[in-house]
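Lifted from TrEMBL, the feature list:
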REGION    1-21  region 'Disordered'
COMPBIAS  12-21  compositional bias 'Basic residues'
REGION    55-96  region 'Disordered'
COMPBIAS  60-75  compositional bias 'Low complexity'
TRANSMEM  116-138  transmembrane segment
TRANSMEM  144-165  transmembrane segment
TRANSMEM  240-269  transmembrane segment
TRANSMEM  281-299  transmembrane segment
TRANSMEM  322-344  transmembrane segment
TRANSMEM  365-383  transmembrane segment
TRANSMEM  389-409  transmembrane segment
TRANSMEM  430-449  transmembrane segment
TRANSMEM  469-492  transmembrane segment
TRANSMEM  504-529  transmembrane segment
TRANSMEM  541-559  transmembrane segment
Amino acid sequence: MASLSIGAHLPPSHHHHFKKRSLPFVSKTRSLFPSLRGIRGSRLLGNGLLARAEDKARDSSSSSSSPSAQQQKIKSSSDRELQELNPSSGSCDPLCSVDETSSQEFEASYRPKTDLLKAIAVFAAAGTGAVAINHSWVAANQDVAMALLFGIGYVGIIFEESLAFNKSGVGLLMAVSLWVVRSIGAPSTDIAVSELQHASAEVSEIVFFLLGAMTIVEIVDSHQGFKLVTDNITTRKPRTLLWVVGFVTFFLSSILDNLTSTIVMVSLLRKLVPQSEFRKLLGAVVVIAANAGGAWTPIGDVTTTMLWIHGQISTLETMKTLFIPASVSLAVPLALMSLTSEVSGKGPDASIVMASEQMAPRGQLVFSVGIGALVFVPVFKALTGLPPYMGMLLGLGVLWILTDAIHYGESERQKLKVPQALSRIDTQGALFFLGILLSVSSLEAAGILRELANYLDSHIPNIELIASSIGVVSAIIDNVPLVAATMGMYDLTSFPKDSEFWQLVAYCAGTGGSMLVIGSAAGVAFMGMEKVDFFWYLRKVSGFAFAGYAAGIAAYLAVQNLHISLPTTVAQVPFISGS
């Protein structure tokens, strides 16, 4: 009997089109429906055809059933496989199937957490709230009440997985509670309202900036624009691949945020390298490189963006002074990892590299405009003097009009337009930043951060040690509230713009999170995508990351003492030097 294939059911004019499209379809289908991997007879041939029907025909070739009976057998088997994909109903759209599969996997892997921690957290928060209601006590002990609220809220953020409380909700609740206490403890409600308005104006600039940047990146990613970068990585030599992936991520993260860079590069590694210890190590390199790359530009990491927007650092001076330390913090781990057995051993098999999705129409144009919009933000700030978020919103507006124009009348490509992109961005992440920054601003308004700064100054007079400690702590605690607290503790009168302290804070807070896999958004994303264990990262990578972190600080101090910087011709560029 002649073997059957999926293409046999299509008209002859569609055979060629199906062969070209089948491999990306299968790759995407397998990622969406994990249960497909377990279906007998499903395999990927070299020419990209799904040969489930072919295997069934071969298995039954020895039987004497009639063609009609054969077709009926295949049809009933196919219906049974579809039922396996979605046991709850006979027919369901792909989105429903994804949700059903995800819920089944969640139920299979879920382990009930103890209710003791939740009960303690709830009772502690309720008790603190009950005390806070006592106006007379709060008025007399405002600092203690706010410190208790902030501590309980921060514990809820750190242990969000154990408590099953989303950190964005905890952050918002903490922010509102702290400002309620501040309004009670302030000399008058009008003063508290004035402080809140001032804090909201500063915080909203960062939130608007992040929303605009995330939307632009999402639009570019939906057009598969980053394939222009990832498709040019063709080497399969382990040591070469290690360095190429590291520095491609390093420069990509200097324009994008470290989270997006990590997602893009880890997705690339899945196409370049089969599942192995070496691929995990490459993913760890992506985390280190993404954090290092985001530290030397104002738009590469949310912490440097915060410092830039509030005037602690400028564009050119940050790039001049932090490029060498950030590069060293990546080069040292790469050099040490190159000596490990995973890298020195046999390279990955390039024959099983899977095909990726094709770039959307006009994807190159969208990529160029999107990246240009991100890079133009510092230029816009220097030319107009307006806040950076205005430049980001300008870029988003241009890209919005462009995508509406190039996809006009294409109803099947609505997902490539901005409204759909807005539904996919990390909105809860932006709300988390909002809650944290408002919380820290309440502590600043109450004068608590100033008192903490005075204490540190009297006990740790070395600013390099203070900044280095911030980086080490950021490996355990989120660097956003750490930097926000530092900005509240020290103002520009204590340390002027572009001083050594602020530059070190930008470097240490950005790269320190690489020392633990939970220390940065990039690490958490890598942990989830590659199912990496916390202790694997601690054992295999943390030592390398710490060596790079320390070497970067040493490089920064050496650069300052030797007065090494970028060529003076770059410093004379008129639209950058003043930003």
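In case you wondered, yes, glycine gets a Cβ from its N, Cα and C as well.
Segment contact is absent for the transmembrane segment (322-344) and the transmembrane segment (469-492), given fewer than three CB pairs below 8 angstroms at sequence separation of 6 or more. Simply put, out of 144-165, 281-299, 365-383, 389-409, 281-299 has the most Cβ pairs sitting under 8 Å from the transmembrane segment (504-529). Contact check: the transmembrane segment (281-299) against the transmembrane segment (541-559) gives at least three Cβ pairs closer than 8 Å, residues 6 or more apart, which meets the contact criterion. Counting only same-chain residues 6+ beyond the ends of the transmembrane segment (389-409), those with a CB under 8 A from a CB of the stretch are 205-206, 208-209, 212-213, 215-216, 219, 309, 361-362, 365-366, 369-370, 372-374, 376-381, 416-418.
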